[in-house]
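Asks: There's a structure below that I have some questions on.
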Amino acid sequence: MGQALHIAKCDLQAPVNNGVHRTAAISTERLVVRRGQPFSITLHFAAEVQNYLQQLKRASLVVQTGPRPSKADGTHVQFPVSSLGDRSGWSAAVKERDSLSWSLSVTSPAGAAVGHYTLLLRIRGTQRATEHPLGTFTLLFNPWCRDDSVFLPNEAQRQECVLNQDGSIYWGTESMIQVQPWDFGQFEEDIVDICFKLLDVGAHWQQDTDRTKRGDPVHVCRLVGATLNCNELRRVLTGGWTAECRDGTPPTQWLGSAPILRQWAAERCQPVRYGQCWVFAAVACSVLRCLGIPTRVVTSFTWAHNTGGHLSVDEYYSESGDKVARNGKASIWSFHAWNECWMARPDLSPGYDGWQVLDATPQEKSGGPSSCGPTPVRAIRDGILELDPDVAPLFAALNAEHRVWVQRPDGRFQRAASGARYLGNSISTKAMSCDRCQDLTHLYKFPEGSPQAREVLERVHKKTNELEGASSRETDPNTLLPAIKDLALLLFVCIQPESSVLLGQDIQLAVTAANWSGGEKAVYLVLGVQTLRYDGTPITQLWKEELQFTLRDNEEKTLSAQVPYLQYKSALGDGHLMLSALLKDVDTLSVHFAQEEISICKPQLAIKLPQSVMQYQPTMAEISLQNPLPEPLEQCVLSVTGRGLIYRERTYRCDTVQPSSSLRVPIPFTPTQAGTKRLTVHLSCTQIQDIKGYRSVNIVAAQPPA
């Protein structure tokens, strides 16, 4: 009879396995593998194998996950060590053996629950079994495995949407799309543990004890989206605006996801203050990429938020052209960011695999604030409302009719004959393998005015009317009056502004009014400039001018105006300005309206770097900024980060920068990692907050000594 089995050591071969499983960026010391793909371990025995042969014939492996592993719920699985692998479940096979060791190949099923696992060797005895702990490992989704439901066939997309830690998020206005850098940081070693903690917290507050659901990317995405924002859970982020953020970090100051996730974990899962849509989307992207689900951040410009699925969204203006708040939570946002996640959808009818929309920004639903999705992008484009409850609000956000209402002297609102905006424009994401912007609008909408677009809109209108029935939002004759259709094209007004203005410059605009009525018209024109939050909420009226004049038949009159920098600098808010022109026919009271949104752009940081740098070779970057303001920039603070370039974050306090002068800061650094790396810079001062810039540099791997 052989001696009792004793394992001297189990080598989980983390450096080799993690490299093959594309998780070495997380760690080379702990085992992190992807499901559906074999990994190797080596058992080193305390004595020669021949002493244990009888026991090893009765050997099997055991994997366990969760706080209370159970065979009944699939969180405790036992499987034999065999020469034949079983693709339908966990399997193990001996690949190499010598007198003192066995090398095993272990494979998880492609649908296994992701999470932290314990691995044991179990020896069945005549009376009882003995178990030998072999170690722990972490299991992730696998976009490289054809049998995994998140399999993504395009390698360039896998590199971008799973492995890339340097992101670009688009914001601004549809006429001036701007980019800000974001460090997803999904492979920083502590982040994977925080991501699973996030799943645990979300499941606890939802009273969801079924760990096997974590093999389903649809369930995981819903859990992540809900845990990020829902009041019922210990959400990760609290929404807030810059003016309300004295007890936290303003959304515009965040540069990456890792500090947010670490703060949440360190403060015992208390919500981090503060985030807005791009922060919610960026953090969700980090968590899902870390777990192995291909994910990207997508931005749409001119987005109708919280429509409730209604195919119209209303904006109200006073007689003097000021935007006013009114009942109803629907509003037009300058832009909105969400996520797309790639996965199969066996839970839906065929044809809806692929990119799915997940919107982690809090949504107003009947049950309270919650996330939205995952919902197939194709279903949104085709308006298939019956497929998923979230199709209707997403379709409406991109296709709803914009209606403008202007208040009359009697207090009622009359619909303007013109001035509506198209929604869902320039839907954008970061392109693969480069820093360019990729337009995705064609995946969400058929071309404006095309037969397909008309057919989809007609069908969705019909379906919406059936669902809403008599309770649909009709015009209230006591407060709302329709446009005077016969007069709709008799007068015309438009604004020709610059799409953007550099902070410090005056705003120049031209307004054209035209009369095509067949006779002379006395008109009343109100020009206005308001500061807005990016969600369309008015902050303050900056400037207004009222004019009365007469337009002859077929006459066009262009008026020029200027808003000085000193008039808008103190109330700029998010940097969004709405220019409005309200033209009223004095005789008929018909109202014609035009509006244009412009961005006030901050000055750009110039970052000088060598084209390529040798790993471990000290080098220098130079950061410079020219002051565009007619006043000094005071109390300037410059922060610099760069994974593999600079350890953590460096902060520099800089001298006052006089008007038309430049700030120059040399940044010495020694790169420690090879490959394309990004240097990110953040500058704030008393006069201008949150100027961001970035530059990539190629780090050439150092040659090993001969």
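Here the Cβ of each residue, glycine as well, is placed from N, Cα and C on the backbone.
From a predicted model like this one, the values you see are computed outputs, not experimental measurements.
Marked as active site by TrEMBL: C277, H336, D359. Among the features that TrEMBL reports, domain 'Transglutaminase-like' is placed at 269-362.
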Asks: Applying a 10 Å Cβ distance cut-off over all chains shown, what neighbour count does D359 (active site) have?
Replies: 28
Asks: Around the Cβ of H336 (active site), how many other Cβ atoms lie within 10 Å? Please give the count over every shown protein chain.
Replies: 27
Asks: Fill in the CA-CA distance, D359 (active site) to C277 (active site), as an integer in Å.
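Replies: That comes out at 9 Å between the alpha carbons.
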Asks: By a simple count, how many Cβ atoms lie within 10 Å of the Cβ of C277 (active site), its own Cβ left out?
Replies: 26
Asks: Do you know offhand how many angstrom separate C277 (active site) and H336 (active site) by C-alpha?
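Replies: Approximately 6 Å lies between the Cα of C277 (active site) and that of H336 (active site).
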Asks: Kindly report the helix/strand/coil residue split of the domain 'Transglutaminase-like' (269-362) according to DSSP, in that order.
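Replies: Output for the domain 'Transglutaminase-like' (269-362) reads 15 helix, 45 strand, 34 coil.
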